[in-house]
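Listed features, source Swiss-Prot:
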| type | residues | note |
| --- | --- | --- |
| ACT_SITE | R172 | active site |
| ACT_SITE | S221 | active site, proton donor |
| ACT_SITE | E297 | active site |
| DOMAIN | 27-207 | domain 'FAD-binding PCMH-type' |
| REGION | 214-236 | region 'Disordered' |
Amino acid sequence: MTLLAQLPTVRGKYIEAAPLKGLTWLRVGGPADVLYLPADESDLCRFLAETPDEIPVTVLGAGSNTLVRDGGVPGVVIRLAGAFAKTEALDGYRLRAGAGALDKMVAKAAAKAGIGGLEYLVGVPGTIGGALRMNAGCYDQETSDVVVEVIALDRMGRRIIASPDELAYSYRHCEAPEDWIFTGAVFQGQADDPDAITKRMNAITARRETTQPIREKTSGSTFANPDPPGTPNQRKSWELIDSVGGRGYRVGGAHFSEQHCNFLINDGTASAADLEQVGEDVRARVRQQHDIELRWEVRRIGRVSGDQKQEGQAG
């Protein structure tokens, strides 16, 4: 029996052997056995409730911080878009956003509604679902600072509403169960002038453009900093990478950026194995020279191929 034959009837769309490299910013990797595009939350709920437990399920957002391995992704890859990308301004300077909404579009929706405090999202690549899962942030602000309610579905299709305290957020991490699929959230801001908000957003964008290789095929920050923001004498991943000769280090078509050496770059010819090898080589150097274990911030999913060494997947 084929995988598709084992899946429930849905209102959304299934695509067999779906190419994924075009759905990620690094532009590498093999196909999904099946790609599922749910019509809405109830459609996704039914899919989860009726899909056999032994079939792997993986969620893919904008693919901004995801490396799909060359062997492709087993089971079903779920991509949240359409109905999951909506935003809505609420009373009390709150904003509701679907998990498939791009972070920068949420920032713009908040600005238009005169809701301040969410402008940092314009500097965070990816979608709200990823921001919720990894407590994404930039420039001394993170998602846990502004989220007040999270909506998710578990692997059985049950709808869950959770508070930030229940998720026990910490630096680039949350304690939500791995099988939860975030479908949306509510954010709390404060009254502010839309023009003033937009000015701050433009400053964040300009800062990123001068310090990060955002025009390249990259996945953003490769490794989380060893210490959270505010730590005295905070150790930063880029400084550690630079200290071991990682700036510009290359394997095949993959290298660490000369502009910001915590950014992996695909020059257009890299394989997923090249990119992962560059990261692992530099991690090994940092471990050997500084006795520090850098933690992947890039989420690596799928099967390895050929002789590529299997590493633990990180979110």
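A Cβ is built for glycine as well, from the same backbone N, Cα and C atoms used for every other residue.
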Worksheet entry | Alpha-carbon distance [E297 (active site); R172 (active site)] in Å | 8
Worksheet item: Per-residue pLDDT averaged over the domain 'FAD-binding PCMH-type' (27-207) comes to what?
Response: 97
Worksheet item: How big is the gap, in Å, between the Cα of S221 (active site, proton donor) and that of E297 (active site), rounded to a whole number?
Response: 7
Fill in: R172 (active site) CB neighbourhood, other CB atoms within 10 A
20
Worksheet item: Would you list the DSSP helix, strand and coil counts for the residues of the region 'Disordered' (214-236)?
Response: 0 helix, 7 strand, 16 coil
Worksheet item: According to DSSP, which kind of secondary structure is E297 (active site) found in, if we only use helix, strand and coil?
Response: coil
Practice prompt. Around the Cβ of E297 (active site), how many other Cβ atoms lie within 10 Å? Please give the count over every shown protein chain.
Written response: 20
